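Copied over from TrEMBL:
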SIGNAL    1-22  signal peptide
DOMAIN    14-211  domain 'GH16'
ACT_SITE  E97  active site, nucleophile
ACT_SITE  E101  active site, proton donor
CARBOHYD  N105  N-linked glycosylation site
Amino acid sequence: MASSSIVLLFLFIATLIATSTANFNDFTITWGDGRGKVLSNGDDLTLSLDKASGSGFQSDNEYLFGTIDMQLKLVPGNSAGTVTAYYLSSTGNTHDEIDFEFLGNVSGQPYTLHTNVFAQGKGNREKQFHLWFDPTKDFHTYSILWNPQRIVFSVDGIPIREHKNMESKGIPFPKNQPMRIYSSLWNADDWATQGGRVKTDWAQAPFTASYRNFNADACVWTSGSSSCGSVSFPASGSDWLTQELDSASLERMKWVQKNYMVYNYCADVQRFPQGLPTECTTSS
Ligand SMILES: *[C@@H]1O[C@H](CO)[C@@H](O)[C@H](O)[C@H]1NC(C)=O
């Protein structure tokens, strides 16, 4: 490669490696007619839901790989029927998506944290958890590590789920489509709480979820640039690009999955009578 193109390549890499972004000024409230609010000069954000509407926001930036932290405090009290979705998604028919969804519950009963990964438009990879704390009392940190080898979902720094790149086994992995961060608070009492048997108590409305301390160390996609994953990165400042779970982290993940996982598609043999999905039965 000619030296001038090496210089160009490095300039290009420099524009892809994002600075950390740490407030909500780069987000847009996309719906809800005033029910979503950016507060305190961009440090805080709230979404609310009442009988007429929920609300939602999205990031202005699109990202291709990153480690993204968000602190959330969920709808307190009787939150049955409310769903707070917090996810990354690309657009189009064959979109990729990395999901956290918090399904509310009646007072005193646990939220369900639902996770899923879509690649090339196909999801069906649900794993659900209860939490080891009350997610409505305080802010807790929900993180997504997304690099070319793996996606890791973490709660307060504890990994709860790892989804590995198994393209070598013919399974698509999200790595070519940039994604935005989205969140919404909406009503799903037709299915969310105990299969739709428990309805939203609108006397408790408006329901509010709060967000703060957003941080993204991520590759920001700028139009015209090609895949972040196919170029080699300078190591400094982007360790997350090659990060994997060390043995202590794997132990903690095992602890969560043993004690708090309430649904695992990889264990649902009734759902997959033809056999479990390949990624469930192969170790990479
Ligand atoms: C609500 O609480 C019930 C009873 O503890 C539990 O079975 C269920 O998983 C909880 N979550 C949702 C979303 O219903």
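Just so you know, glycine gets a Cβ as well, placed from its N, Cα and C.
All annotation found in TrEMBL is predicted automatically rather than curated by experts.
The structure, with features from TrEMBL marked on it.
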{"residue": "E97", "record": "active site, nucleophile", "contacts (Cβ under 8 Å, 6+ apart)": "Y87, L88, S89, S90, N116, V117, F118, G123, P174, M179"}
{"residue": "E101", "record": "active site, proton donor", "contacts (Cβ under 8 Å, 6+ apart)": "V83, T84, A85, Y86, Y87, L113, H114, T115, N116"}
{"residue": "N105", "record": "N-linked glycosylation site", "contacts (Cβ under 8 Å, 6+ apart)": "S79, A80, Y111, T112, T193, V198"}
- Taking every residue in the domain 'GH16' (14-211), the average pLDDT works out to 94
- Message: Just to be sure I understand the contacts, which recorded positions have a Cβ under 6 angstroms from any atom of ligand 1? Candidates are E97, E101, N105.
- Response: N105
